[in-house]
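Heads up: the structure comes next, in structure tokens.
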Amino acid sequence: MEKDTTPLMEQYHRIKKECKDAILLFRMGDFYETFEDDAVIASKELDIVLTSRQKDKKGNKIPMAGIPHKSIESYLFKLVKKGYKVAVCNQVEDSAESNGLVKREITRIVTPGTILEPSMLDEKTNNFLSAIFEEDGAVSMAFVDVSTGDFYVTELNSSDLSKKILSEFVKFSPVECIVPSPMSPFLTKLMNDIGGNIDITIQKKERSFFDLDRGYELLSEYFNDEELKSFKILDKPLIIRISGAIISYLKSTYIDILDHLVQIKYYSSSDFMVLDDTTIRNLEIFKNIRDRLKKGSIFDYLDDTKTPMGSRIIHKWLQMPSLLQEEIENRLCAVEELYNDRILLNDLRSLLDGFIDLERISSRLSCKIASPKDLINLKLSLKKLPPILTNLDRAKSKKLVGIRERLDLGELNDIISLIEESIIEDPPLTIKEGGIIKDGYNTKLDELRKLFRKGKNWLTDLEQKERERTGIKSLKIGFNTVFGYYIEVSKSNVLLIPKDYIRKQTLVNSERYVTPMLKEIEEKVLTAQEKSFSLEYELFLDIRERISRHVRELKEKAVCIGILDAISSFASIALDNDLIRPEINNDGRIIIRDARHPILDKYMKGRFVPNDVYLDNKDNRFIILTGPNMAGKSTYMRQIALIVLLAHVGSFVPAKYASIPITDRIFTRVGAYDDLTSGQSTFMVEMSEVANILTNATPHSLIVLDEIGKGTSTFDGLSIAWAVSEYIYNKIKAKTLFATHYHQLTQLENLFSGIKNYNVAVKEVNGSVIFLRKIVPGATDKSYGIYVAKLAGVKKEVIDRAEEILKIIEEDTDITPVKKGKITNKKKRYTQLIFFDESVVDTLLSDAESIIEDIKSIDINNITPLNAFELLKGYKKRLNS
């Protein structure tokens, strides 16, 4: 490369080589500058002026764009939010002490998953960095939030990997993922699918980044032997690889002090209720379906917390609903205690209000970027712990008593005292310009400040003397960083200035001068000030370092405060929304009386119509729900699923009574949409979701099916719906709610003792239909679709014609019911099937069973739209022949 025009640009290019894949923010005085291609990108993305520096050897101007150093966080956030990696290069020596060019180094590389600045983070949710590694058909994943210290790892090696991995990514919603390069075809397709569901930045790293030996080495560097044994990961090579890769990546971004990562939490799907990406979306757990925002979600409903830690705990419990009955009961007991003791609840919530984000301050302490303001907020929050402990003295539930024991301040009292003695109450944001340390904390600092204040008095006295000496009453002494101290005289008085005045600067209306006496005083003042600033900086670093030794204790207190806040939020919501404590049973029964949809009930303020449900493992295992469009079938099924979910996170539920069994998975097949990103039609998406349920559901699962087969012909759809129902009932034996417009399916009640028909009651009055919203026993064969079309504003001409056609279809003599009778061969169990003659029944049912076996064997992650079309074409040909 041709030699650059200046030593500065040589330095820039040398540093730029260290971060070729990042935008380099290069500190120059009060600005961070970008050059060349980085400047063009920064100008466009940040909407800042693109200018140019001197020309290079070829005569080309060098593009340049800068941002003020005090505004770096806001600009940094914009770049990182758009997926850019940003390297921050700072001056690491004082320009006054350098001989020539100031020494500069990269001090931080910021990516979407390595943000620590509070202004760039959503305080209510985690900001996860993820990594994924695949080997021999098995996959390991890691999710780390460096801002809180959360570190999760897991591995998957079962069937249907893509669906399960996607569900984990939707659950954690990482903003960045580290992948091995080159990626396998499997990982390539997988990351494309993940990118279609969440906003994520992919970072490709060579496979050596995931080296097993290096993984062990890095883990041993940060955790001792006892800690590593307690994590229970040493016998899991894929977990060691992925954990090492995460730590290696953090080190590459200059986050190499990881004391706040106190634990690696290995989890498996058997530890928590499994919620796949489809269920998370359909039940609107974290975001509403309409605009994908938090408002209107279950997370929003439960989050009445006072602290960021509490919000994140609730988010975590929803991500991973517990399957441990003891843990669920402990949460419910704690919620009940606060529910019954409103004074205690109100006192605790009052103390929690304003509690700082102790988790993230702990992380900033560990990474040595905590500000003086952080320390003051830390002190104020730690001072709240004694009254919280006093209030918890009367707690009796196991969970609250445990929190009380773990919240004891211990050595943290020393932190309160240290900050109280050393840091002023309202410190500045910067740490190199003084004004942080209290008078009396350090004798040497006090002496320098005294000298500085004395020098300021000298300047005041000098200003008065010069006014008297010159007769210029408007004369004043000022200061700027370029010229230091100066004497300013208006131009109308320049003839009065003495001969010892030396002109330094000419302005429009005034002249600025210095004198030998002013320079002498300036040297004493500025020397004292610079020394005091330097000493304050050293003192602050020492104070911060001493506090950072207690990061683990602070992290533990943060978790306790978060859990206490979450439980308090649950109790407050229960009181506000008339919720009750659910029973957790071991007999497999779901019994809910007067169940309400939590979100709709909240906004409808007493107008929501409640309903009951009873499901067990024997005679009431499968409910077929029929009724009109818009009558409330979908809402009813969702509210049952949500109540089961709420019980597993430890929340009270909207009902008069609820008894809920431990449920390993909730599946939902609700609604219809095209997955354009993967080239899947509405029907293909539907069948993929059905295949997932048939593959992964267990007898301990809850399945919610809202229509099956709507995306194909009536006979195809009915056949598939029938066969799926039969398979779930006979093979899976999961508790199931199935809403359908195929009224023929209601005949299943006569064939299987555990299938029951229910419908949504309606009332017909003078040609109008009133939806009563009540679920009642029995089947219905009316959908009132034409009436719903009328409500929607469809033209009367179309409505009238539709009624004519409906009447013709209903009277069509070609469609004849069959007589009751036994069906020969292996289909004997079917005693009736309306609308088909017996010869059709055998063929239909035989093909239906064959079709369902085909659906089960579909590899939903690798099938192309064309192959899917050919499959459906084949089904139709078989059924219509």
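Here the Cβ of each residue, glycine as well, is placed from N, Cα and C on the backbone.
Curation plays no part in TrEMBL annotations; they are all automatic predictions.
Quick look at what TrEMBL lists:
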| type | residues | note |
| --- | --- | --- |
| BINDING | Gly627, Pro628, Asn629, Met630, Ala631, Gly632, Lys633, Ser634 | ATP binding site |
| DOMAIN | 701-717 | domain 'DNA mismatch repair proteins mutS family' |
| query | Relative to the Cβ of Asn629 (ATP binding site), which residues of the same chain, six or more apart in sequence, are found under 8 Å away? | reply | Ser783, Tyr784, Gly785, Val788
| Using a Cβ-Cβ cut-off under 8 angstroms and a sequence gap of six or more, which residues of the chain neighbour Gly627 (ATP binding site)? | Lys633, Ala739, Asn759, Val760, Ala761, Val762, Thr780, Ser783
| request: Inside 10 Å of the Cβ of Lys633 (ATP binding site), count up the other Cβ atoms and send me the figure. | output: 24
| Most Cβ neighbours inside 10 Å, all chains, among the binding-site residues Met630, Ala631 | Ala631
| query | Which one of these binding-site residues, Pro628, Gly632, has the sparsest Cβ neighbourhood, judged by other Cβ atoms within 10 angstroms? | reply | Pro628
| query | Looking only at Cβ atoms, how many others are within 10 Å of the one on Ser634 (ATP binding site)? | reply | 19
| remark: Lys633 (ATP binding site) falls, by DSSP collapsed to helix, strand or coil, into helix
| Output field, ATP shell: CB within 8 Å of site CB centroid, site Gly627, Pro628, Asn629, Met630, Ala631, Gly632, Lys633, Ser634 dropped | Ala739, Val760, Phe771
| request: Please average pLDDT over the domain 'DNA mismatch repair proteins mutS family' (701-717) for the predicted structure. | output: 86
| note | Across the domain 'DNA mismatch repair proteins mutS family' (701-717), DSSP labelling yields 4 helix, 5 strand, 8 coil
| task | Could you check what DSSP calls Gly627 (ATP binding site) once collapsed to helix, strand or coil? | result | coil
